[in-house]
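K.L.:
Sharing a structure with you now.
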């Protein structure tokens, strides 16, 4: 038989090595193609446990406390067919040694940000000559050796991230002098992969490669006594010039953050309820909160430049800034001070933020007349993070050009836009700016901080302005702390600035923002003091309605609750409705036109609601209901032409969104949700069922009002012409939050409405 030239390198009569105590619990993730791997590992003294990639969870894997992790070959693509493999690599990187073969190596490449693609040739069971760097798995091996390949995919040179180095390669068989990546290695972490099959009978020194790996015990090369930043004495050959590893350097803080986030996101994606499919299902159910267009909102500002106000508890460069900051409370301050965008850092380790911060910020801005857009400030590298941001209420996300390949950046950019979010694309150099402009980004942020050295140069933004089309919004990011920092930006066409640390430390947020942007604190909405709305409730006749309106009452209440003494039948209610809608407010009672509130300003929800309830030309008719069916309430509203509905029982809070007119809702002093925005137009503080003449405890009223600076209420309970002014005045500064007063029994005599008392009550309130 003719000699084929093939050499069988398998161990024909293998001798099992002594038990390795350091490899006492090797976990092999089987990607449905592991063949006899466990046998080869056992031959080198390892104790091996094998698990299919879809038959163990990451939590179960962690609980088994492996000493080393091996990822096997397998069919398909690493991003779709490797099961738990990638999540395991992300979690265990830096903790224990990891070795990947074929698809296992491809998982390593994609986990750290690289890409795999077709090699241009399909080799299954073919041998090639390997060139390697003599380190890691190749330590002590000859310069060139034969290996066996079973693959059509491999890592691509252009996408290998800085944290990885190419450790071996083979030349293509097409005489192109191009090579294919056969091995990669993390520069700091004990993570290594090979594209070929060491266990094949046609691969030389396969057992030695396994042995070299099983000697490793620590999660870093340094921990294993390996210093790959210096040329190894055992290196017998170098990888070809096309695959030469990039110059090693100290892992930058940005790379460390990215590596950590990749690991965390990989784990999160395996948790039931947080998996990509779970998020997509929630999005498909239209559960993402309403959004505002990011570029359009950036163009709206009460100041010469738009402000992107950042919520940041800490940073790698400054350490702890505001550990105890309440993100939603901070967001409301920023919004009321005129911010166009609120940036929420959601990275937990270095910046001490979370996606829950963003969710709470979005909820806190509900009901503002022109709420700021919300930016998820995060190290984004996966569509999953963008979808997560949208579901939490983000209007835009940050994409950092420095950390993304052009291919990945483009993919993430268009995915974000598909969710209705124009991203903020961050750059720092002319090269990165060109990428952002070519991408077609509508909003580009120039980071004045070098993310490698963390040095700040405020001139960075200025130097890049001439590369940007006039239609593009340019934002200056980082290092801005005072008015002098932004003066040049105004002249150069910069449209917005992002400020974080200085804002978090400011004693008076509104004053600092006004001074910073060269405006005035008057540029943002300032509510002028008006006397409270007057609501005359329990109206039972046309005469009483007419007297109340002519005295200057704003709201005429009629009781629609069957069985109550003040309940009016529909025919009487219709006649009262006609009176309310036909009699104008008396001269001098028409409120002045609102002045000094720029269109870009965000008005607090309850302030806006109070304006709506103060009709410019007539009183409004309020129908009072208590624990009655929603259908009945809606029917009566249409039949009687009610301008406002008052819910005085235990109706669901959500009904306010189902009723087509403003809703006043009664609350007791101990009831929750009194200050919940975007449901009831105004809360009404009252005792019991109302109409009893029982005064509320003044100190408890004060406590309720002091809990929320944006709360506005209608005050009821025992008020009459003789005490209403004094009760409101005793509340001091908190009395400004009483935007309406409600009276029923306080304007009655012997159970009937007293027209004189009605007039006296209105007059007393107008004097406040």
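Any Cβ shown, glycine's included, is placed from N, Cα and C.
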K.L.:
Per Swiss-Prot, which one of 19, 106, 268 shares the L-glutamine site with 74, 75, 76, 152, 153?
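P.N.:
Record source Swiss-Prot; matching candidate: 106.
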K.L.:
Where's the emptiest Cβ shell within 10 Å among the binding-site residues 74, 76?
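P.N.:
The binding-site residues 74, 76 were compared, and 76 has the fewest Cβ atoms within 10 Å.
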K.L.:
Taking 102, 153 as the recorded positions to compare, which has the smallest set of other Cβ atoms within 10 Å?
P.N.:
153
K.L.:
For residue 197 (active site, for GATase activity), which residues in the same chain are close in space, meaning a Cβ under 8 Å from its Cβ, but six or more apart along the sequence?
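P.N.:
Those within reach of residue 197 (active site, for GATase activity), by Cβ under 8 Å and sequence separation of 6 or more, are 73, 101, 102, 147, 148, 149, 150, 203, 206.
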K.L.:
Neighbours of the L-glutamine site 74, 75, 76, 106, 152, 153: Cβ within 8 Å of the Cβ centroid, same chain, sequence order.
P.N.:
73, 77, 78, 81, 102, 103, 151
K.L.:
If you count the other Cβ atoms within 10 Å of each Cβ, which of the binding-site residues 106, 152 comes out on top?
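P.N.:
Per the Cβ count within 10 Å, the most buried is 106.
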K.L.:
Please report the number of other Cβ atoms within 10 Å of the Cβ of residue 199 (active site, for GATase activity).
P.N.:
23
